[in-house]
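Have a look at the structure below before the remarks.
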Amino acid sequence: MSKLNIIFAGTPEFAAQHLQALLASQHNIVAVYTQPDKPAGRGKKLQASPVKQLALQHNIPVYQPKSLRNPQAQAELNALNGDVMVVVAYGLILPEAVLHIPRYGCLNVHGSLLPRWRGAAPIQRAIWAGDQETGVTIMQMDAGLDTGDMLHKVSTKIEADETSASLYMKLAKLAPPALLAVLDGLTEQQFKPEKQDNQLANYAEKLSKQEAKLDWNLPAYQLAQNIRAFNPWPMSFLTVEVEGVEQHVKVYQATVLAHQYHAVGTVLQVDKNGIQIATSEGVLNITQLQPQGKKPMSVQDFLNGRANWFSLGKKL
């Protein structure tokens, strides 16, 4: 096992947890690449990414180019003499020229069992599609979008109540040891590259706020999957008219019930156990929700003072 000089590229907390694991290893982090500071909070002050904050705590040089396509940025990277570049949720596209700069190329930690769910939102789309399991893939990057050779996979079950938030945390614990195993065996080529089967590939499109609105023409099981997949962002929501004003209500938890046919979007039952709404297939029973300007709450708490919002027979 040889000590490697690693260039790390990542931005969010998920990436920072990988950097933390690398800092605790025998390997040497020669530099960190992360996205430029962005305005955040009510004051819109520039805020450093979690990866940058961690790197500065450990006195690691930080680079924040807006792009890696220009020759100057590539020359800077080349001068670092890295053995390998580790890329985790960086957010910038790496041009092909960059992929060949480090001695062992660029490794990527991807949040799915490739070739399933290539693309921007693999964790969320696995839940959205009703997958029973997912995991992480450590891959050798190439010029395509998550199309490189796979070096190592680790899988985990997707629980029935799993949200993207909980799965994100699960993979953040699962992935760093898998990455370290690959790095520790890199010089001896302990992990043999495996080609991806393009016929099994699908694409994890980015989530949108428009997609988060609950569509009662979808089956109840799909809406329940959406609610879990879109938590913590963009959060599934419904709209309901109350005294002539359209109210937006975020939905945090729901279960699926069977039913005989009813007109879609009809409120069928309202009690402390849930708000039951007819869909094209089955009933969605909403059990936790959040009115605008309030915290998430149980149906029982929601109905205190809002009992008229979801009257029986009301069409949403």
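Just so you know, the numbers here start at 1 and follow the chain as drawn.
Every residue, even glycine, has its Cβ placed from backbone N, Cα and C.
Some features that Swiss-Prot has for this protein:
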type	residues	note
BINDING	Ser112, Leu113, Leu114, Pro115	(6S)-5,6,7,8-tetrahydrofolate binding site
Residues near Leu113 ((6S)-5,6,7,8-tetrahydrofolate binding site) in space but at least six apart in sequence (CB under 8 A): Glu133, Thr134, Gly135, Val136, Thr137, Lys153, Ser155
Listed in sequence order, residues with CB under 8 A of Ser112 ((6S)-5,6,7,8-tetrahydrofolate binding site) and six or more positions away: Arg118, Pro122, Ile123, Ala126, Thr134, Gly135, Val136, Thr137, Ala204
Residues flanking the (6S)-5,6,7,8-tetrahydrofolate site, with Cβ no more than 8 Å from the Cβ centroid of Ser112, Leu113, Leu114, Pro115 and excluding those residues themselves: His110, Arg116, Trp117, Arg118, Pro122, Gly135, Thr137, Asp146, Met150, Lys153, Gln196, Ala201
Lowest local Cβ density (other Cβ within 10 Å) among binding-site residues: Leu114, Pro115: Pro115
